[in-house]
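The transmembrane segment feature in TrEMBL is assigned to 7-30, 36-55, 132-150, 162-180, 192-210, 216-240, 252-274, 280-301. The domain 'Major facilitator superfamily (MFS) profile' annotation in TrEMBL covers 120-336.
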């Protein structure tokens, strides 16, 4: 996507997730046997499979792996749909060749040692910047996964109706994603994620201090925490795609998403362990975790209005000192 549309598309694609969470509580209410529930809600995914064949491969990735003619075909189709004129084919092919040579130059010494899948994973730890991105993003995705799904499933710690609680938790995600659009354009990617984590930490650490007779206030604070964890999850998902170079983007996204699944896996066990004896501990653990995720992001840099790195060499040469030195003009056209 071109820069001005990345954040809009990245955020709005998750709106359907919110509606699905609301619907899920209704289906769960009607279908109490979990095996049938899981089967029923999984069947619609079959409808999506044919649609995958209508989506083009990323021309950036095709250029990096040497499939230049395929990349050229995708670019021509994109230019036709968007009614723009591409540079001559020779110029585009020359740029693609340079990108491919940069990728080969970076990975040649490693490829001589490792000729298997492990090589691609090791690339995520091959340089200072990519290593920093990998560690910070894996940690933050693990924490945001734990927060997002833990707060969705935390009804028992508050003693409220599970089905209504899940429906409300899905409902609050919608305004969270709507307000995220202007906030991200105003503050940028990095600040938006940090502020989302920070507010999540504040409200969750405040919730255990609320008297038991003010249960409504406790639920409101938890729902604010769910809103802000939604903001964090959505904005960090856009942020990471702009941080990781095309060359290792699939591997990086795979590793960090595995981190979020680990966090989602931990959440129900944590809730089960504390809900009977120390129900307030869920908010404390989640709040402190959000604070850790907030601080961990500080060494990273802003990605708004900067060129996406295609290779690890591009990432290493990227100057990340100040926003003014990395930003480009908002109206500048960015092409392959």
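Positions of Cβ are set from backbone N, Cα and C atoms, glycine also.
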Item checked: Highest-contact recorded stretch vs the transmembrane segment (132-150), from 192-210, 216-240, 252-274, CB pairs under 8 Å -> 252-274
Notebook entry, point to check: Are there residues at least 6 beyond the ends of the transmembrane segment (7-30) whose Cβ is under 8 Å from a Cβ of it, and what are they?
Noted result: 1, 37, 40-41, 152, 163-164, 166-167, 169-171, 173-174, 177, 180-181, 184-185, 189, 230, 233-235, 237-238, 241
